[in-house]
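Asker: Pulled the feature table from Swiss-Prot, pasting it below:
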BINDING   Lys30, Arg44, Tyr56, Tyr140  substrate binding site
BINDING   Asp66, Asp71, Asp103  Mg(2+) 1 binding site
BINDING   Asp71  Mg(2+) 2 binding site
Amino acid sequence: MNPFHDLEPGPEVPEVVYALIEIPKGSRNKYELDKKTGLIKLDRVLYSPFHYPVDYGIIPQTWYDDDDPFDIMVIMREPTYPGVLIEARPIGLFKMIDSGDKDYKVLAVPVEDPYFNDWKDISDVPKAFLDEIAHFFQRYKELQGKEIIVEGWENAEKAKQEILRAIELYKEKFKK
């Protein structure tokens, strides 16, 4: 089984999507799902002394403008592991440009954690935490000499629109 191609994007798209975790919160290791084999591989260790502030992964059967699966960040109270599948509720969209390419990311919360039951939109997330995420992405490739431009945050509705678009891009790319 290849989770990227064989899993659906989610049980109730776009309200609830699957987040296939590649990188757990707190890690400096950047793992990626190998799109061909479906295995998790070590892409690199971050050059900067930063740690991912969220669980980070992809939404299965999606494709995005950066020529990769659509990224998703899941706010977790405790980190999970590479390969874990989380039912996640999109609450916002992080907009950034990575080396000239549009590289937007969905921000979500786990459906199965009652702590986040009232988190429905980006406005429910503390500004200090949003700033921490933005700071991480603004700086995490700095020692590699790569430029990241943070464009800011959008609401849950915009995130859901982009998820639906990413599903269509996947269908076009992989003729599904």
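The count begins at 1 with the first shown residue.
Using N, Cα and C of the backbone, Cβ positions are placed for all residues, glycine too.
For the listed features, I'd like the structural context: burial, neighbours, distances.
Answerer: Just so you know, the Cβ of Lys30 (substrate binding site) picks up 15 other Cβ atoms within 10 Å once every protein chain is counted. In this structure, Lys30 (substrate binding site) is part of a beta strand by DSSP.
DSSP assigns Asp66 (Mg(2+) 1 binding site) to coil in the three-state reduction, placing it in neither a helix nor a strand.
Around Asp71 (Mg(2+) 1 binding site), the same-chain residues six or more apart in sequence whose CB sits under 8 Å from its CB are Tyr56, Gly57, Ile58, Tyr64, Asp103, Tyr104, Lys105, Val106, listed in sequence order.
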Asker: Least buried of the binding-site residues Asp66, Asp103, going by other Cβ atoms within 10 Å?
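Answerer: Fewest other Cβ atoms within 10 Å, among the binding-site residues Asp66, Asp103, is found for Asp66.
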Asker: Between Lys30 (substrate binding site) and Asp66 (Mg(2+) 1 binding site), how many Å separate their Cα atoms?
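Answerer: Cα of Lys30 (substrate binding site) to Cα of Asp66 (Mg(2+) 1 binding site) measures 17 Å after rounding.
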Asker: Indicate whether Arg44 (substrate binding site) is helix, strand or coil by DSSP.
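Answerer: DSSP call for Arg44 (substrate binding site): strand.
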Asker: Write out the long-range same-chain contacts of Tyr140 (substrate binding site), meaning residues 6 or more apart in sequence whose Cβ is under 8 Å from its Cβ.
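Answerer: When sequence neighbours closer than 6 are ignored, Tyr140 (substrate binding site) has Leu46, Ser48, Phe50, Ile148 within Cβ distance under 8 Å.
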Asker: Neighbours of the substrate site Lys30, Arg44, Tyr56, Tyr140: Cβ within 8 Å of the Cβ centroid, same chain, sequence order.
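Answerer: Residues close to the substrate site, other than Lys30, Arg44, Tyr56, Tyr140: Ile23, Arg28, Asn29, Asp43, Leu46, Tyr52.
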Asker: If H, G and I count as helix, E and B as strand, and all else as coil, what does DSSP give for Asp103 (Mg(2+) 1 binding site)?
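Answerer: It is coil.
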